[in-house]
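Contents: one structure, followed by commentary.
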């Protein structure tokens, strides 16, 4: 499940200013066509120097296959493409719809009932079917209690109210394929600060009365149950809304109800003036991640007092999430937001997968207190903070070059840039600056390295008794590797010859001189 995570510093295109226009020149009339374009199945026609011409890359290669030689030769036949379309739009969505709700239950079960060991968890499936083993896991989960349901309801009402009440400037997202310009209220950082402060004030004030937020750790199975149930219903609501009353022209049906439910009907749905993606991705997914880290810290302190491993992991995660909300308006210009419709794929991911997986390290550390000592603690904190800085510095470089239109210095030198022209669906010509020096000259996605390393350093305090605390790092590595192909495919379609020029200047995807 490719989520928002996702940084959440994932760029619209590597080194591209995020206020660029439509990512696709080709008309996107349906959700299925949009998905096929994302995966390289659409007609590859780009604009370079004002002339339409085919890209240098022939065939319809999948975004995961950029490194596989001659892959396009096996996907040229109509039969192969029909099979691939069926797998993409029916088989894979059905598999993910069936598998992912169970995945978050497996994570919870592994920590609570298997001492954080995936090997012990796998023993549940010995001498029995997968369905039988999953059934046993679900049987250990409790139905959501009133305290859990009301906590979630009150938080959602609070989050929606703050989206309207807190001050913030109006900012715009990139122009959509249909020529629409989404508008957001940029109050995410204020919301984050207010919510974190309110959490700790309530925690301290209610402690004398025996009320603690750590109850949500004790009842996290109920939280998962409630979020799974709500998300399935919520995605059905979004499907019906998109079918009957879409918010904009960036919507449409593929004719496949399974794919429409999974992928979504609308690119930027709004309900009663509330932007769905801002709520699910930012106000719920990212904010609840931060709150769960705080809840796990409280629970750990209640059980053992101060534990340095919990402190390191929680501190680095909160720093990272703080950076995300500081940069929230930039996140609303990333490829997640620009191309991913609001369906199960992104909404379930943010409402369920992010709280369950992204906060899993501190969830694990509650039952596995580890004392690192001052030296190791300092090393982990320093290296983690260093990677946050590098990731932030890369973003700042790109923004400075964009803001100065290339008339600035990067590492003491004039930046190397490519002024890439592209065309919107309505025929308007736009220009983007592709930065090929500084951090962005090392590799096209160099900022993924500090992001992965940061996740490692907030997972490493769990040491190496179990692989479970590294689940997020492994997931992030797979996600960002996949994303590097996905972004390159999109930019190749958008810029054509300009993108090939950029790739010659910056030949490596992520790791300089290796990959």
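Each Cβ is built from the backbone N, Cα and C atoms, and glycine gets one as well.
What TrEMBL says about a protein is an automatic prediction, not a curated fact.
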- Note on the structure: Checking 117-141, 242-266, 342-366 against TrEMBL, the stretch recorded as transmembrane segment is 342-366
- Per TrEMBL, the range holding transmembrane segment, considering 169-186, 223-240, 403-420: 223-240
- Item | Given ranges 20-43, 44-67, 188-211, the stretch to which TrEMBL attaches the annotation transmembrane segment | 188-211
- Contacting positions for the transmembrane segment (372-392) when only residues 6+ beyond its ends and CB under 8 Å are counted: 7, 9, 308-309, 311-312, 315-316, 319-320, 323, 439, 447, 450-451, 453-454, 457-458, 460-461
- Note on the structure: With the cut-off at Cβ under 8 Å and a gap of six or more residues from its ends, the chain residues touching the transmembrane segment (86-111) are 1, 32, 35-36, 39, 117-118, 120-121, 124, 134, 137-138, 140-141, 220-221, 224, 228, 232, 254, 256, 258-259, 261-263, 344-345, 348, 352-353, 356-357, 360, 363-364, 367, 468, 471
- Item | Selection from 147-167, 188-211, 278-298, 342-366, the stretch that has most Cβ pairs under 8 A to the transmembrane segment (223-240) | 342-366
- Surrounding residues of the transmembrane segment (188-211) on its own chain - C-beta under 8 Å, 6+ positions past either end: 159, 162-163, 166-168, 278, 282-283, 287, 290-291, 294, 298, 318, 321-322, 325-326, 328-329
